[in-house]
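A.B. asks: Look at TrEMBL and you will find 476-487 tagged as compositional bias 'Acidic residues'. TrEMBL lists 488-518 with the feature compositional bias 'Basic and acidic residues'. Positions annotated as compositional bias 'Basic residues' by TrEMBL: 519-540. Residues or ranges marked as domain 'Nop' by TrEMBL: 292-412. Residues or ranges marked as region 'Disordered' in TrEMBL: 459-540.
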Amino acid sequence: MLILTETSAGYALLKAKDKKVLDSTADLLTPEKVLSSLKVKAFSKFDSAISALDEVNAIIDGKVSTKLANLLAENAGDKKKTKLIVADPKLGMMLIKECKSMGNAINSLPDMSFKIISDSTTQDLYRTVRENLPSLLPGLQEKDLSVMSLGLAHSLGRHKLKFSADKVDIMIVQAIGLLDDLDKELNTYAMRVKEWFGWHFPEMAKIVQDNIAYARVIKLMGFRSRASETDFSSVLPEEIEQALKAAAEVSMGTEITQFDLDNINALADQVVDFSEYREQLSNYLNARMAAIAPNLTALVGELVGARLIAHAGSLISLAKAPASTIQILGAEKALFRALKTKHDTPKYGIIYHASLIGQATGRNKGKIARMLAAKAAISLRFDALAEDREDVATIGLDSRVQIESRLRGLEGREITTMRTPVNVRQQPKFEFATQRAYNINADAVTNGISKKSGKRKIEEIDSDEDEVPAAVEVAAADESDEDEVEQVEEKKDQKEKKEKRKEKNEKVEKKEKQEKKDKKEKKEKKDKKEKKHKKHKTHA
């Protein structure tokens, strides 16, 4: 019975003296007992760190390398099948759907007679082998084995992540995912703070509309009774601060205890901390995008570029995609639904949120999206595959200028050439909104309405008291005319739709009647034929 052991130094083939070693692993508790039961039959050392990485990748993929095949061929049994214990039957199953297990792959080798054992019964045996590996392999120190294992683990990690100092696109994928999650959590927490503190100071929600400023005001002020003696200059503009203090004096909110306020403050701290971390994460993402995909960033922006990379999986995968794929990336559901129902396919996906498409109107959006996707494909290939990284954003900036010129020609107006900074929120200026007063003079007073006559007699009101300016009357008339035109058009559209629906239903009914008629005629013909056939039979 042979035991195949993969180490960071090489392949070891151990021979068990007792065939019942799988059943008696509980007895192998000391190195002496392990040495008496197991013996090294062959050891194939890895030539270098690169060779070790290739061998490990082959094992993960469920393949037998040349080195391992030679080792097994040299120690294969001649007459009868030798039992070979393999550590894990599921190696490579996570990466390749129809991959063979390690044991089955060895069995497929020609001129080898092995009976593979690779089930759960081997786990205890391999645990014992790993614990006593330095004792089983003479000349291999435990310290050296640990260093080699660490180096191989780092090499394997770099290989899996396809690590590169220049293109750390996996960091962008993680950062944009975390940024989206943070936005959701931050919005949920901020709404909860407003709802919770709103019971104590309901007027504050209309005065301080920014969520982060709202949480900071709670931390500074505490109870609304302290608003007059609190300095909000570090958080709010002067006019909003005055409005807040005035509203606190006449607030209709309920009273809360210090215990309630402590819990609200704890939640407000979470909102402020999340907002600060979100800003830091946004700056990190901007810096990463500028370093990894500068041309794509100059063309579509940091957030849209990062979402495109995350959706594709990596920068190189996105660079390999054609412009048509980049254009509808993110709208896969709509695309397949349109193909299934034979409707128009979508014109854009994630790229729709780019500032250049946002400035286009109507049908021009589709044209600009197509042009932007084509330029983005060129920029991506330069970012991913170019060796010369000097003047890195030149292609992206030139492409943006061309698209802006094209957009200006299509729209026939000036457009915004510089992108506005992302995630910059300004506190809106607070203004007291005067409520509309009730107009008593607008009431109509009835005087002796007769049910029989059906005519209403309205008391005349002095024209001096409720005289309406002529300009206001004209404006009101214009508005009413516009409303009437809109209503007429809407009714016309509804009527046309109704007529179309009616025509469609009539066609369907007509078709159904015709089908019924045809069925009836066929049935009558069949009945006549059967009667005629029976009649001939009786005469015969």
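Placed from the backbone N, Cα and C atoms, the Cβ positions cover glycine too.
TrEMBL labels come from automatic prediction, so no person has curated them.
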A.B. asks: So if I exclude everything within five residues of the ends of the compositional bias 'Basic and acidic residues' (488-518), which remaining residues of that chain have a CB under 8 angstroms from its CBs? That is, six or more out.
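C.D. replies: Here no positions qualify.
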A.B. asks: Would you mind giving the whole-number mean pLDDT across the domain 'Nop' (292-412)?
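C.D. replies: Within the domain 'Nop' (292-412), the model's average pLDDT equals 90.
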A.B. asks: How does the compositional bias 'Basic residues' (519-540) divide up by DSSP, counting helix, then strand, then coil residues?
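C.D. replies: Residue counts for the compositional bias 'Basic residues' (519-540) by secondary structure: 21 helix, 0 strand, 1 coil.
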